[in-house]
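Here's what TrEMBL has on this protein:
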DOMAIN    24-338  domain 'Major facilitator superfamily (MFS) profile'
TRANSMEM  20-45  transmembrane segment
TRANSMEM  65-88  transmembrane segment
TRANSMEM  100-119  transmembrane segment
TRANSMEM  125-142  transmembrane segment
TRANSMEM  163-190  transmembrane segment
TRANSMEM  213-232  transmembrane segment
Amino acid sequence: MANNQLGVLNALDAAKTQWYHFTAIVIAGMGFFTDAYDLFGISLITKLLGRIYYTNENHPKPGTLPPNVAAAVNGTAFVGTLAGQLFFGWLGDKLGRKRVYGLTLMLMVVCSIASGLSFGKSPAGVMTTLCFFRFWLGFGIGGDYPLSATIMSEYANKKTRGAFIAAVFAMQGFGILTGGIVALIVSASFDHAYKAPPYSVNRKDSTAPEADYIWRIILMFGAVPALLTYYWRMKMPETARYTALVARNAKQAASDMSKVLQVELEAEEEKVETASSSNSFGLFTKEFARRHGLHLLGTSVCWFLLDIAYYSNNLFQKDIFTAIGWLPKAETMNAIHE
């Protein structure tokens, strides 16, 4: 089998761990970093949204998002993520990982900023525009998920492929952590600048008018890591596996990987045709089901079960802590403190 495989792919599989591997981890990982920040950052601001837009000063407790609004604000991005994974995963196979990678990143930048600029004269108007932009933000994130993982797996060698992909996924944790840090810094800054009494002391003044800027800044900050990595993503060459096996351009694949691996690689155009024809079966075919059906089923079910706990915990942890009394009662705090 080794003799029938392209030399450029053999070189990638057998390559020693080099600097470009770590560069690829950082570049692909920053996608997951941004994804996690944008997806879970919403959980940091929903209580503030309730305070600003749904507080009734005649009520002894400060406002909270109605259940249907909370579900929409928290869940709309995930609906977009599902659609984005299917669409951009397919498009990445048609147009190439690199080209679609940049497209998803710019969509995330634009929608992160737009989410913070959500407009409207009424609470319903603000929440509707926020949900609209977060759907498209999720759509871009959905494209980034499969492309980041695919690019890393196609750049990695056989020996450390699993570890490298795990490192890319681990950047999600840093994204969640950064979201909390940004929220703390922004909230502390506004709290220092605009003092407000607890709700139980003064219901009207407990929410400073400037608090409306806090949630917008937190959401818009998600565009920063995406912008910082855009340049380096565009400098990465297309993966050799796509260029050789899908685009069928052996010369370009050899040229790109010669620069990356810093070795001379021969363009094997005859082998490209052979390899491409031997892998011509589609996703929804008996051949794919026979070769990879169990792998796909096992992997997807494990991810599904994991994500039930993972996403639920990150989105609703604040509500769990409130319910079990780990956080002070809302009426004893002002909006920024909460």
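Cβ from N, Cα, C; glycine included.
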Which of 20-45, 100-119, 125-142, 163-190, 213-232 contacts the transmembrane segment (65-88) most, counting Cβ pairs under 8 Å: 125-142
Same-chain residues near the transmembrane segment (125-142), Cβ under 8 Å, at least 6 residues beyond its ends: 34-35, 38-39, 42, 49, 53, 69, 72-73, 76-88, 104-105, 107-108, 111-112, 114-115, 118-119
PLDDT averaged over the residues of the domain 'Major facilitator superfamily (MFS) profile' (24-338): 87
Selected stretch (most C-beta pairs under 8 A with the transmembrane segment (100-119)) from 20-45, 163-190, 213-232: 213-232
Folded-back contacts onto the transmembrane segment (20-45), same chain, C-beta under 8 angstroms, at least six residues removed: 73-74, 77-78, 81, 101, 105, 108, 112, 134, 137-138, 141, 144-145, 147-149, 151-152, 155-157, 160, 164, 167-176, 178-180, 182-183, 214-215, 218-219, 221-222, 225-226, 228-229, 232-233, 236, 260-261, 314-318
Residues of the parent chain within Cβ reach of the transmembrane segment (163-190), under 8 Å, 6 or more residues beyond its termini: 21, 24-25, 28-37, 40-41, 44-45, 148-149, 152-153, 155-156, 208, 210-211, 213-214, 217-218, 221, 225, 314, 336-337
